[in-house]
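Working notes, structure below.
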């Protein structure tokens, strides 16, 4: 769950420059967001309806408590199972603080002791060998946990420690099975014991807690005792035993359904925690699971990564770590050789580095923290809250009806107006025995309680969880991992998607297809013979050292392995063709300082010292931005020229490549004096790399083809009323070309401002202007992460429901702010993933569209279930109330109503909540977040079916004897047969009406029904069980066997619901929701002076 992550997941700086300043900027952005949320919450808070919560993302606990207190609940442990346990959340937060403070107290005490020992010259204890290694797990744990710099120095620093762990800090560990087994055996694995999920028996116990079911069980026990006493064991146990059996069946089926959902959530939680990362093993980068990390591993760290285990910094440049997940403080901590200790679970806020793993699993504070708290799957979703409101309203109505029926039946019974099936008066004052009177009262009370069981739809809010659990499991197959439940349903309301370009709309398979060195176009781009050796050497040096990628050349020959981001891989592969010897360059030159690439500056740089002490500063980044800093260029013959005369040529070359959908990257350098570079580490970390007077070495055009099918996906979104916007850091011309290719822009004529806009232009607008312009924007080029955040805020203020894709650390604020944050599973950083609601596992825009389909499906399935359940509720209540008031008897007894409740609540939810999405869903507009749950179409369908069922069954109740030809039978036989026909017809009507509920707005309700095997299975099982109940379980359900004529009559009554539904759908309904007609007079009354 997103809320379980660090509260400041989005509060990370944009770049290494002025980290504290950027941190303040992020805090300001967060404040803007908080103000917006508070405004939304205030609207909800001022509302008379506590269930009127349109957005539960980042909702405060007070709002969540308010609707819980307003809900009418007969089984809190079941009703609130998948909502956030507010008390448990507070306890877990206290536990987190306790573990954090405990670690900080130990550290402070150690620092105090070390300071004292330093003054009196106490020596540090030497490490103890363990097995094949020169240091034990206890030594390592205390060293990293206590941040003991003296113990690290005793080991001769990180290099000495690496030697003790048999690790090559350049190439990593060997990584073969034997090596890994030894390390896990000695130092442990990077796992921690998770708290076991609740067992089936726990769910059984919770299902049993329902107050109405407990009352029914008590009534069944009393009835059982009285029945055995008056009629003997052989006949007397049926009434009480059948009620008890029916209640137990309801409890078991409910528990099984809830237990299956729980297992699905557990599996999804495991998937969320299984982070994939790269480690250096045997000289090559290998992608492994976080659980496979071992002590001694060498792990590269980049912006947005999660520190996978405790460790010590080997080398780093401008490395800043967000330790808030461990310390609880929103503070960025800089790491260098003076402060080299890294804690598991923290995030890389800025810079790059390499770490040596020294502690894993329970030997880390993060492992202890995670083992001490359970993964809570509880979370609010807007539909859950609204359905609790619906359930509360229906429950109050049902309770009122039950009390009314109880009063009427008791009045009739004690006044002597209630007759048995033989026609005898059941109660005579002074003559009827106390046991008979108690038995009669218990039967009446049981009927009233059963009406409450049927009327109070405890399963209605849980139907949301059922459909969400089903959707989440299916979405995994569609390459979408849901982190927040509410995102599933909110996605159905999305009106706009702000998508990245690279990797989402494109394949992220980049290759250099054009290259310019000086004014010469190199064709083919990898032909090194066209370049002077000096130019090739400078290009190769700049690319090899100014990269986070890696080139591995197998010793025995074979293909060269290039790793890194897609852009890095493309440029590295190009320079390999130019003859780059990656390892040689790395060994012959020394990196002095690094400015990591960031999406704000659009470039990255490095200062490199050669063996002869010459210093080169290399820059690489967005072509027009790097070009603006150049004063000269080297041609292919290594001659230096002033750039002033040819600047227009280079700009034209960039525009030409951009118009062909190419990403343009420029590579430049300059010489620098070694003496001007700070010597001490503290000043060096603050030193800004010179970025003026650069010499242009080359410009490359990188092709990243559009994903197959992305044009169709964009078209589907457009026809579904969802506007697709492209937000990219690329050149505006590249963005325009890709947008035309993907179908986001229909024609080149549309590419005018503000339809297509640069980030800096949008940024310069006032808040009101931004809000006005935002709706018109289709493409934003050269945008920074802050521009994306401003766009999201402007769109949300304008009433849009915004989905945003993002993969970088700096996308976190926009992902956090959006209604639905979609991070990328392949290229996304851990910070981005933690700030998002859904992770797109294949980084494909087509998968985003599938998420929209599933979001709409969730909402549609809930509406189907509501329509079905309300029809049963209305029909069952009206039939029993009218019959009770008029004749003092009810045609549907307690056991029969419990069976109907099982069909309606659990089996009905399973059948209708698991309907897969259809193309029809994408041919309608997005569902407004404040649109009523029960639409006019649903009211029409519901009223038609309920009226039909009530009319037919009441006619059977009052005129059944003559219609069914029972006038010549005994009164008892006629009554039993008539009530059996009513019960059978009623159940069959619900079975047939389940088909109608599948397609509330379509005449053909059978389309695709055979593909939903679960639906067909449940219908089949329900029908077979109904036959068994009628034909073989008459003693339990107070029914008699029916001959084929009566079965045909019941089927005939039920099957009429199909043509009736089809005809009903031809009746037009008003566009104004029915609830509005009632709401307006109530609001007028409230606002009038007399109120």
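Positions of Cβ are set from backbone N, Cα and C atoms, glycine also.
Within the set 151-176, 177-202, 203-228, the record from TrEMBL flags 203-228 under the feature transmembrane segment.
Annotated range for transmembrane segment in TrEMBL, selecting from 363-389, 417-443, 444-470: 444-470. Here TrEMBL gives transmembrane segment for one range in the set 1046-1067, 1068-1089: that range is 1046-1067. Counting residues of the domain 'Cation-transporting P-type ATPase N-terminal' (157-228) by DSSP class, helix then strand then coil, yields 46 helix, 3 strand, 23 coil.
Sequence-remote contacts of a segment are chain residues at least 6 beyond its ends whose Cβ falls under 8 Å from one of its Cβ atoms, and for the transmembrane segment (1014-1034) they are 899, 903, 907, 910-912, 914-915, 980, 984, 987-988, 991, 994-995, 998, 1040-1042. In the predicted model, the domain 'Cation-transporting P-type ATPase N-terminal' (157-228) has a mean pLDDT of 83.
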